[in-house]
Amino acid sequence: MSTFVDIHLVQLVPPSCINRDDTGSPKSAIFGGVERHRVSSQAWKRAVRNDFKDYLDSSELGERTLQAVKRVSQRIQELKEELSAEQAEAAAEEILKTAGIALEKKKKDETLPTKTGYLLFLSRAEIDALAELAIAQVEGKKPTKKQTREALQGPQAIDVALFGRMLADAPEANVDASCQVEHALSVHKATREFDYYTAVDDNADEDNAGAGMIGTQEFVSSALYRYATVNVDKLVENVGDAEAAARAIEAFVRSFTVSMPTGKQNTFANRTRPDFVYVEVRNDQPVSLVNAFENPVRNEGKAVSLAAAKLAEYAVNGDAAYGTKPVDSFGMANTNVDSEELEKTFGDRWDAISFEDIIKRAGAAALTYTQEN
């Protein structure tokens with residue numbers, strides 16, 4: 001029986017453009033027959049990974065980079081100082097080639113370290129292991145391809161364990177993600193608007209009353225439903241033990257809740273936090289509650305409160321129809337949400353606790369899972 005931690009958020013975002021398409025417009029999607037504001041899962045996962053740095057030790061995090069040769073060679077020099085930069089770089093290239101990692105062909109007269117043919121998501125432990133194998137190779141103990149592949153198959157960094165990794169050239173080193181993140185959608189119809197702006201030339205002639213430049217920027221304001229789920233079983237498998245998995249869940253719940261993509265933030269200063277947080281621990285399957293908003297919420301100044309109420313009703317009715325129920329559920333709501341209505345709808349499923357307690361209780365799911373299995 002699998003264990004899942006489902007995180008449901010409703011967040012009001014003021015005029016902003018936190019995630020835009022190739023034309024500079026806020027992303028959107030048709031849902032329930034109307035256009036909604038959308039923020040891609042990739043954008044929010046990037047924000048989460050950046051936020052991890054504030055709560056987790058760097059040794060527990062990975063690096064997504066084209067500069068694997070540079071990173072491995074740096075570690076080689078730290079471990080074996082007598083090697084020159086050129087020797088360390090050559091050793092790093094050779095060990096990555098042995099592992100089957102494709103490298104770009106170096107251009108003539110190129111002095112910078114060779115790049116990999118694609119972004120690699122590596123943990124600090126994997127960089128260390130590859131560096132040690134490279135040093136062994138320099139010392140005449142050439143490692144096998146199997147040994148280099150095994151260096152990429154140990155317990156994973158927390159972000160690699162959560163978001164996964166795919167290496168076409170080394171499928172043994174693939175990591176199945178233990179976390180899934182839904183594209184955030186507005187709970188109501190969202191209308192994009194244009195900000196018409198001008199910039200003034202401070203050194204313009206006195207008789208010039210015109211602007212130095214004129215431009216427009218699309219923006220949107222919405223109440224977003226955000227959802228993510230963590231497969232606790234898979235996470236424990238990826239990181240190697242329950243305590244590390246608990247830290248990963250705690251970090252993810254915190255960062256997923258408070259982080260935000262950075263698009264146009266200097267223009268709009270749109271950093272907000274969710275008004276409603278609801279977490280379910282389930283042992284049947286992950287359940288998104290986005291269908292609660294197929295019929296758009298009326299956006300008349302109470303979108304957040306109406307969305308929270310619709311979500312609660314849909315969650316309870318859905319489980320009643322399927323004969324299921326979360327093994328634990330808890331959350332928090334601020335003054336934008338009708339707490340009495342929530343308690344009435346959720347019943348014993350609504351345990352209102354602090355944000356810090358939400359984080360700890362979600363993380364405890366990993367330890368409980370291990371004890372029961």
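Placed from the backbone N, Cα and C atoms, the Cβ positions cover glycine too.
A TrEMBL annotation is a machine prediction, not a hand-curated record.
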Of the ranges 62-96, 272-306, which one does TrEMBL list as coiled coil?
62-96
Across the coiled coil (62-96), what does the pLDDT come to on average, as a whole number?
92
